[in-house]
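Colleague: What follows is a single structure, and I will ask about it in a moment.
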Amino acid sequence: MTEIMKYDVVVVGAGIAGPIVARNVAREGYSVLLVDKKPAIGAPKQCAEGINISIFERYGIPYDKRFINREIYGARIYSPSGYELEIRYKKVSGVILERKVFDKMLAFYAARSGADVLSRTEVEDVIRENGKIIGVKAKHEGEPVEIYGDIIVAADGVESTIARKAGINTYAPPHEFDSAYEYEMLIDGFDPELIHLWFGNDVAPRGYVWVFPKDEDRANVGIGINSDNPKTAKYYLDKWLKENNIPSKKLLEINVGVVPVGGFLKELAKENVVVVGDAARQVNPMHGGGMAEAMKAGTIASKWIVKALEEENLELLKNYTTEWWEKDGKRLERVLKIRKAVERLTDEDLDVFIEVLSGTDAEKIAEGNYTEVIKVLLKHPKVLMSARRISLLKELL
Ligand SMILES: Cc1cc2nc3c(=O)[nH]c(=O)nc-3n(C[C@H](O)[C@H](O)[C@H](O)COP(=O)(O)OP(=O)(O)OC[C@H]3O[C@@H](n4cnc5c(N)ncnc54)[C@H](O)[C@@H]3O)c2cc1C
């Protein structure tokens, strides 16, 4: 027999975006169900687990040592020929999380705020009545359930099906996705207070190799490359490990994933369906970080969900699309333009830019103040000697 459930809001996906929405809406007194197909929320991880320290205060998340593997003080960036750019702060600037615990704790905060949470619950379809979506069909522990909701939130990640089923145009070409491959492994010889990033067209086409330390001698070692590349991300990662004489016989985890790096959804809410996080491709297209963006979008979405419920007016959900696009959409479109320019850099360009930037201007890069960085580059003789480099950089101003 099919079990029937009814909530004000049904949130599909308990990664990052889903639990933030569920928590925020439930604490305003509305009935919320958060579901995830995983038997254990958070596992397996598909993430390098790095995030800026500011998110804890900004999104009201406790700074809990149970999900903080390591505090990070900055980054070191390596050019193809070995130039290094180091950004090191006196204070903790970021952390490497343990996502298996973090995602579960976010779901726990949602539950503690009043939301119901069901793991091992896979949504298979939407339920329509007179053309309108009124709920979702799911399997909970293999048994069919029908979950009715006034508002449905698609927080179901990069492979989202809910948004498409709601009639939202979710198409993006393969070039707007990165293929990622990662080992959590034992590794020595890297300053564990920093994250490490390697760039180069033979190292990681369009992307980078990362070492995100979780211990003195344990790290997430991964790579992201354009997903329309004829070679695989694994090929490039294994090649990099081999070329750097890094033994790869102590692999604690292997993670494969897809990262949306562009193709942000134009329509984030349609009728009573709201799309957040990777499902809406709300990811920084330059570095592929999506957790903070998911939290940001989830915060805006939940504000408008609460208003729509308060005023019993689903039209208000459209304000989520407007507000996100006015601020964050515009910002990410600009970052996307920069990523597209970075894609055209030769290894020699990368060497020159990283060499020029090493030193005084490093903090501006870390702040994401790309305009200042471009202005600095445009003053340097090594850049001024090349008409191509000048025109490439000027396009971005
Ligand atoms: C290899 C890799 C490394 C990364 N490293 C970083 C990093 O260091 N820092 C960073 O900020 N970002 C990183 N990202 C990106 C980051 O992981 C995502 O942007 C982030 O997890 C997005 O959160 P989300 O809630 O939108 O989606 P997700 O975290 O993907 O959560 C979606 C959830 O929905 C569930 N789900 C899907 N379909 C259904 C269904 N039909 N029914 C029920 N449940 C469903 C899934 O099980 C999943 O739990 C990385 C990504 C990859 C692939």
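Residue 1 is the first one shown; counting continues down the chain.
Backbone N, Cα and C define each Cβ position, glycine as well.
Note: TrEMBL annotation is automatic and uncurated.
The model shown is predicted, which means the values in this text are computed figures rather than measured ones.
Among the features that TrEMBL reports, FAD binding site is placed at Ala17, Asp36, Cys47, Ala48, Gly50, Arg99, Val123, Asp278, Gly290, Met291. The annotation domain 'Digeranylgeranylglycerophospholipid reductase catalytic' is assigned in TrEMBL to 178-259.
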Colleague: Can you tell me whether DSSP puts Val123 (FAD binding site) in helix, strand or coil?
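Modeller: Strand, per DSSP.
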Colleague: May I ask you to report the DSSP-based helix, strand or coil state of Ala17 (FAD binding site)?
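Modeller: Looking at the DSSP assignment, Ala17 (FAD binding site) belongs to a helix.
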Colleague: For Ala17, Cys47, listed as binding-site residues, tell me which one has the smallest number of other Cβ atoms within 10 Å.
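Modeller: So among Ala17, Cys47, the binding-site residues given, the one with the fewest Cβ atoms within 10 Å is Cys47.
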Colleague: Assuming the binding residues for FAD are exactly those in the record, Ala17, Asp36, Cys47, Ala48, Gly50, Arg99, Val123, Asp278, Gly290, Met291, what is the maximum CA-CA distance in angstrom, rounded?
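Modeller: Output for FAD binders Ala17, Asp36, Cys47, Ala48, Gly50, Arg99, Val123, Asp278, Gly290, Met291: max Cα distance 29 Å.
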Colleague: Taking only the residues in the domain 'Digeranylgeranylglycerophospholipid reductase catalytic' (178-259), give me the average pLDDT of this model.
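Modeller: A mean pLDDT of 97 is what the predicted model shows over the domain 'Digeranylgeranylglycerophospholipid reductase catalytic' (178-259).
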Colleague: Quick check on the binding-site residues Gly50, Gly290: which one has the highest count of other Cβ atoms within 10 Å of its Cβ?
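Modeller: Its Cβ has the most other Cβ atoms within 10 Å: Gly290.
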Colleague: Determine the Cβ neighbour count for Val123 (FAD binding site): the number of other Cβ atoms within 10 Å of its Cβ.
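Modeller: Here the count is 24.
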